[in-house]
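Input: a single structure, listed below in C-alpha cells.
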Amino acid sequence: MSSQMEIRKRKTNGDGGASDTGGNDRDLFSGSSKSGQIRSPSRIFFFCLAFRVVNALLIQTYFNPDEHWQSLEVAHRTVFGYGYLTWEWKRGIRSYLHPMLFAFLYKVLDLTGLDTPYTMSKSPRIMQSIFSALGDLYLYKLSDALYGENVASWSLFCQMANWFIFFCLNRTFSNCLETVLTIMGLYYWPCIRDSSKAYPVNRKWGLVIAALACAIRPTSAIIWLYVGMLELFLTCNKVKFIILEVIPIGSLVLGFTCLLDRLMYGSWVIVPLNFLKFNFLSSGGDYYGTHPWHWYITQGFLVMLFTFTPFSIAGIIKSKNQKLSVLILWVLALYSVLGHKEFRFVLPVLPIALIFSGYAFAQMEASDSSSSIAKKKQVPQKSHIFKWSPKLRLSVFFLLVTNIPMALYMSLVHQRGTETAMNYLSEEAYKERVKSILFLMPCHSTPYYSTLHHNIPMRFLDCTPSEEKGELDESDRFLMDPLGFASDLAIHWSEPPSHIGLSLREKGMLVGFEKKDMDRISTLPNEIVSHILFFLSIKEAALTSLLSKRWRNRKFSLKVRQSVESSHIIRWIINLTSRGIVDLDLDTLTSKVITLPSEIFTCKTIVKLKLGWGVVIAKVPENASLPSLKTLFLYCVRFSGREVETLISACHVLEELTIFGDPWDLEQCRTVSCPTLERLTLPCKSHKEVKVSRLLTFDTPSLAYLEYSDYVADEYPIVNLGSLVEAKLTLDSKRPISESNPKNMIKGLRNVEILNLSSLKTSRGFLLMC
C-alpha cells in the first residue's frame, strides 16, 4: 500500500518515469499498433526463444578468450575435476557465481550421460539463448511500458536485426548475462518509468537484479550507480530507500556471493574489492592493450550499432527521454576513462540504444498512418493495417541488407578456425585417437578442456602478467624465436605430443614443420638462404625459423617500414640475443627511434652486426663484451658522447668496421682503436659548420684497407697503420691547410702499396700536406 502511495506522489510531483519521457507518445503508438501483433508475454518469449536457439546454433566462431576461459573452463573443472584456471582465479578477481550456472548444466549432462562432444560444445550457448530470450522479452515490455506496443514491436525487431546482438548476446560471457539483467532491472525501477496495471514497477526486484548484475560483473556498478542516484533524487522517502532496501538487499546478495566464493576458493575472498584494485587502481587491464580515450564514442559503440546509428540518434532526439539517453552517455564516458577497452564492456547499453531506434521507426510508421488517415476519410474500424511508405520500406531494407550479412559472416566465418579445430580434436579424443596436444600459438587462442572434454595432457603458451616489468611471457618468447622456444620445450619431452596446434598462413610451412625429412629449404645454398631471409617481414622471418634448422642462429633482418611499438622491437632484440643470434641487421625507415637494449652489448654469439637509420646507442655498459663480433656496420647511428669508442673497444676480434656519418658529432677528439681491425671504411664527412678543432687518432696496427672520407683534421696525434696495403682517401678542408698538422697522417701512409686519391681537390690537398 505504501509503494502505491509513493507512486501516486511521484505522478503528482511530476517526477515519474514516463511523464517526461514520452508518455503522450505511448498512447499515440499504442493506437497505431497492428491488430495482428502478438501481445501475450509467453508467446513473445517462445518466439524469441526459438529465434535465439537458431541464433546460438549459427554461432561457430571465436570472439574472445573469456567466453570459454572465464566461464565454461571453470564450470568444467568444478563438475568433472579437470580444466584450467587462469591467473585471474588464482588472484581472486573473479566470482564463481556466473560459472556455477554452466556447472549446473554440465552436471545435468553428466548425470544423464549426454556429455558428448557435440552437446558439450553447443549446449552452453543454447542455455545462454534462454537468458537472451528473457532479455528480448523484457526489452519488449520496457519499450511497451515507456512508449506503447508499436515501439515495443519495432524495438524487438531492432534487437533481433542488430548484427552485434546476434553475434555476441548468445555467447557465454558474463557481459551477456549482465546485459540481460540490466534490461530486466531497468524495467522494474520506478525512476525509469511510471507504473501501470499491465506493467507494475517493483523497486525491490530492481535492487535484487541490480545486485546480482554487480555480483556477476562488478563493473555493472557503473550503470546501477547512475540509476540509484536518479532514484534517490526522485523518491520521496530517501531514508527508507537506503536503510530498508539498498543496504539489506545489497548485503544479502554480497553475503551470498562471498559464501559461494569462500566455498570454491577455500578462503575468504572479496572479489569486487580485488577486481577494483586490479582494473581501476592499478590499471592491470592495460596489460592486454589500450585504446584512445575516445574509442567507444568514435569507433567501438558505433561499430556495435552499425547502421542503426542514425535511427538511434533520431529516436534519442525525438523521444526526449533524458534518463535513458544520459545513461548511455554516462556508461560510455566512464568506460572511456579506462585504458583497456573492448566492445563487450558496453554491451549492456546497446539494447537501450536500439529501443531508441525502435522509437524512430514507430514514429515513422505513425506519421505514415496519420497521413493515410488524412487522405482517406473512410477507414474500416476493424483494420489498422497501413501500407508502409517507401521511406519506411527503404529504411527496413537498408538495415536488413547491412546487418544480416555482417551477422552471418561474423558468426559463421570470421575466426572460425580455432573452434573448428577444437571440435575436431574433441571428436578424435572421444574416439581415443588423441594422446596429448601442444598449442604453439598466442595464449588462449582456442577453447580448452570445456570443449575437448577428455582428460589428456594439453599445453598452451602462458601469458600471465608478470610482476617484473619488461619480462617476456611465453607467447612473446615464442613469437620472437619459434624454433628456439619449441626446442627448449622438446628437451623436456619424454615423448612428443600426438597433435600440435599451429597458426600458420602457408600450408607449405606446416608441411615443412611436420615432416623434417622434407625440409627442402635446408638444401639451398647459403647465398639463397640469406637472400630469401633478407626480404622477409618480421613475422615471416620469425615463422620461417620453424621450418629449417639452418635458418636458426643464422641471420635476422629487421626492417621496420611501418609503425611498430619500440617496446616490441626491444623485446625481439633481447630475445634474439638470448637465443644466440649470429647475424643481425637492424634499421627503421619510419620516425620511430630504437634505443638498443644493453643485452645486445654482451651477446657472445653475434658475428655480424649492422645498425642503420633510427638506431640510438645512449649508453654502452661497462661490462660490454662482444667476443665473436667480426663485422660492425654503423649507418647514421646516433651515439651519446664517445660511446662509439667504448663499443669498438668491446669488440675483441673485430676485423671490419664501417661508419657512415659522424658518430662523434662535435667531439674534439675522435679515436679508432682496435688491434685486430683489418678493414676500415670511414666516410664521416659532415656538412655541419664545425667551429671547434678536431683530433683524429688511428690506432689500428693490423689494418690492411682504409677508406677515409672527411675534412682534414687539425691534428692526427697517433697514426698506427703499420700493416696498411691499400688506402682510398677523399679529403677536403674548410680552412687553409697551413692551419692543420697532418704530418702524422702522411707518415702513417708510408707503407701503403695502393693509394687512391678520389678527386683532383684531394690530390692537391695531399700534395700541399706533403
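Each Cβ is built from the backbone N, Cα and C atoms, and glycine gets one as well.
Feature annotation from TrEMBL assigns domain 'F-box' to 518-553. What TrEMBL lists as region 'Disordered' is 1-37. The transmembrane segment feature in TrEMBL is assigned to 44-63, 163-189, 205-227, 239-256, 293-317, 324-339, 345-362, 392-412.
Away from its own ends, the transmembrane segment (324-339) comes close to residues 21, 186, 192, 219, 222-223, 226-227, 279-280, 283, 285-286, 290-291, 293-297, 301, 316, 345-346, 348-349, 352-353, 355-356 of its chain (Cβ-Cβ under 8 Å, at least six residues beyond either end). Within the same chain, the transmembrane segment (293-317) stays apart from the transmembrane segment (239-256): fewer than three Cβ pairs sit under 8 Å, each pair at least 6 residues apart. By the Cβ criterion (under 8 Å, sequence separation of 6 or more), the transmembrane segment (44-63) is not in contact with the transmembrane segment (345-362), since fewer than 3 such pairs are found. Highest Cβ contact count with the transmembrane segment (163-189) among the listed stretches 239-256, 345-362, 392-412 falls to 345-362 (criterion: pairs under 8 Å).
Within the chain, the transmembrane segment (345-362) has long-range Cβ neighbours (under 8 A, six or more residues past its boundaries) at 22, 25, 29, 32, 135, 139, 142-143, 146-148, 150-159, 162, 164-165, 168-169, 175-176, 178-179, 182-183, 186, 219-220, 223, 296, 300-301, 304-305, 308, 311-316, 318-319, 321, 324-325, 327-328, 331-332, 335, 392, 395-396.
Note on the domain 'F-box' (518-553): its mean pLDDT in the predicted model is 44.
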